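Undergrad: Questions regarding the structure given below will be posed in turn.
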Amino acid sequence: MLGLNKKDMTLLIVVTILTLSAPFILNPFPTDSAMAQFNAGYPDLMQRFAIFGIFAIGFNLLFGLTGYLSFGHAAFLGVGSYSVVWMYKLLDYNVIWGLPLAIVTSGIFALLIGFVSMRRSGIYFSILTLAFAQMSFNLAYSVLTPITNGETGLQVYNNDPQVLMGANEASSPHLFGLVMNSSAKVGVGAWEFTFNNGYYFCGVIAILVFYLSIRIFRSPFGMMLRAIKSNQTRMAYTGLNPRPYTLAAFVISGMYAGLAGGLLASMDPLAGAERMQWTASGEVVLMTILGGAGTLMGPVLGAGFIKYFENIFSKINDTVLHNWFAFLPDGLEDFVVFLIHPFIGKGWHLTLGILFMLVVTFLPGGLVEGGQRIAAMIKRTKEDEDTPAKTEPAE
Amino acid sequence: MSKTNMTRRGVLKTGAVAGAGVALPTIFTASSAAAYTNEPTGGSVTLGFNVPQTGPYADEGMDELRAQELAVEHLNGGGDGGMMNTFSSKALKGNGILGKKVEFVTGDTQTKSDAARASAKSMIEKDGAIMINGGSSSGVAIAVQGLCQDAGVIFMAGLTHSNDTTGKDKKANGFRHFFNGYMSGAALAPVLASAYGKDRNAYHLTADYTWGWTQQESIAAATEAMGWNTVNNVLTPLASTDFSSYIAPVLNSGADVLVLNHYGGNMVNSLTNAIQFGLRDKVVNGKNFEIVVPLYSELMAAGAGENVQGVIGSMNWNWQLQDEGSKAFVKSFGEKYGRPPSNSAHTCYVQTMLYADACERAGTFNPCGVAEALEGFEFDGMGNGPTLYRADDHQCFKDVLVMKGKDNPSNEYDTLEILEVTPRAQVEYAPDHPMFAGGDLGSCNAG
């Protein structure tokens, strides 16, 4: 169906179900319980899961398939955001104008940067893309202030032209009247679930681009990219010029990043220069590697994992800790809080770093490999139970 | 022809599913009845404290957090009550706000607009925060103020000194107690003229964002009005940590005053670089070379150590003030944390108190009611003398302190001395002053 084999179709269906039911899955704890701290089912974070999922899927098309490690993808993210906010300022708050423009401008940007950077491979390619991204960041930060509004970030002011703005039009991003930041809240017993328009908008787009990425993975073009990854020189000797393929992959991946940036601005009408900083480029590399580079699901898992830590762990503070451990005797309570303190709040980077190291050391294939190992283990124990007396013939 | 197998169970199941489907929309309508965003319904109300815990302003952020926790303690009737006892409005009773216990959530702005907005959004969407307080760095404060306006909650700005916060970027849901670049310029210029003379050439190093730009503009305008000449203005990125490459050209520029429009970690580094280059020992145009830091803070002074000796700057408030409000605040802060509060801590504490008081006086948490209670509010006893929250731009007007780095500090907190308390009348300006023009408050948004 849809040009996919049975296995991919199953994966797509699972992803679709997970995406659409995220408001339930991410809110497993009742609202008033102490564990509610770990709930992730609020609109902003769910939107980020979907958006950074798109970003990582796009990055994986380049890194996972061709092996080219770009350290400059945040530049496209920023370009996408600026495009969308400019459309808000000039036309109106309908995201339908900005998003295609975000994809087009980031595509052009990727073509320019890619054309130069793709002349080299390996570490030189990484450094070139990093240099371009830092250049874009510094330009956005200072020289191009009239276009980007510098460090304050580009935002919409009351005196902007907004020529298409209707009298009754919503004053925040929307799609033909479907306002992104409005949501419906449903209380079921002690639980409360939030269904947000913006999240479902991002979610549907994420499913579409996920489908597109499966098709690219399975296409002859995808096969060609894998061939480039395995041995580029051999490709060249057989008479094929690999550069157009890698450049195409770079541009597609840049367009994914532009779309993600555009969606960020569609959820929250502001574009900041720090979105283009090298740390943001590094983040998407971490997401992909953490989840599993070259796999379909990996980057999405990695994106979710990192965003969860950034938003949930950074908000746990000492007061929260004291509440958790209130049952312990006073001295012991203080000691436990003292032990955990470096890993929460502003220390979330530390926790994430340790987890990243553990994953890279013990699961080189990322979280996906972890899942596969668990699945294999379950399978093995099952088989053991089924055929307890089976013996292997000696070789 | 299709074959249907109807069973009793099948019919019951289908009926139950269909019934649930029909009933679903009623749940939607039932829960969207709140009058405004995050209306507190239980026995408690949640405030959001969004401060930098990492990045160049992290020190200020941690001190703000201490003050905010202290304010919550006082609001809930704990501790000695601090400035609640000296505050001219007596609406607060120490039983929370409107009888609801005050709880709070914290977040890290990372001194980045994006991260600050994400953190504020999670407070509003997930934790049900009804007010956001904090935001060192004006870029962050402006970004979060815009977010709060859209979301329909009140934003009580913390340490933000840019003219734009209550100028070009002012919002109906946003309020600022801290002073601004214009006030610093108006307070500093006369003191600088009397200390260093009216014939001076100033070289500006400016942090490259909204706060730096507007402060530089304000200081340049105020000093030029007294006869100073501005030789050059160089913009430096906020993320810089080494300023030597910016300091070297100062030596050959013919300037005899260096104005550092830097704050937090930036200022500590740039001042240290300037001292290392021996600027303070130079004699240019027959005059001693001087350094001015328009916006001072005790945390920066502590960070820069003996380098601040003799350097002049301005402040919103200082723990050495001897009025009843300041003394009460310094006492309870000192008893809890063993150190005097900084002026960023003070402004966050006062903002939290002012918000709580406005809720009590308005009798509601509705942002529009609270905003009305704050607009044009005159109060005293919060450490700054008689203060007005101006309705036109939601800016507080009060006395400004001109400070000087102490020559012989007696301990690590005793680094600055008060040179002059500039009266409120001298730093006031019209709401449509050119440096603040172009903004529009809009109307209050209750979500």
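Our numbering is plain: 1 for the first residue shown, then up by one each step along the chain.
For all residues, glycine too, the Cβ spot is worked out from N, Cα and C.
TrEMBL lists A:45-63, A:94-116, A:123-144, A:198-217, A:244-264, A:284-309, A:321-344, A:350-370 with the feature transmembrane segment.
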Undergrad: Would you mind listing the long-range same-chain contacts of the transmembrane segment (A:321-344), meaning Cβ under 8 Å and 6+ residues beyond its ends?
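TA: For the transmembrane segment (A:321-344), the list is 34, 313-314, 350-351.
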Undergrad: Residues of the same chain, at least six outside the transmembrane segment (A:284-309), with any C-beta under 8 angstroms of its C-beta?
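TA: Same-chain contacts beyond the flanks: 8, 11, 15, 40, 45, 48-49, 52-53, 55-57, 59-60, 63-65, 69, 71, 73-74, 210, 213-214, 217, 257, 348, 351-352, 355-356, 359-360, 365-369.
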Undergrad: Are the transmembrane segment (A:123-144) and the transmembrane segment (A:198-217) close enough that 3 or more Cβ pairs fall under 8 Å, when only pairs 6 or more apart in sequence count?
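TA: Checked: the transmembrane segment (A:198-217) vs the transmembrane segment (A:123-144), no contact.
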Undergrad: Under an 8 Å Cβ to Cβ limit, what residues of the same chain, 6 or more beyond the ends of the transmembrane segment (A:45-63), are close to it?
TA: 19, 22-23, 26, 69-70, 73, 77, 196, 198-199, 202-203, 205-206, 209-210, 213, 216, 249-250, 252-257, 259-261, 263-264, 267, 284-285, 287-288, 291, 293-295, 298-300, 302-304, 306-308, 311-312
Undergrad: List, by number or range, the same-chain residues at least 6 past the transmembrane segment (A:94-116) whose CB is under 8 A from its CB atoms?
TA: 72, 75-76, 79-81, 83-88, 128-129, 132, 164, 173-176, 180, 246-247, 250-251, 253-255, 257-259, 261-263, 265-266
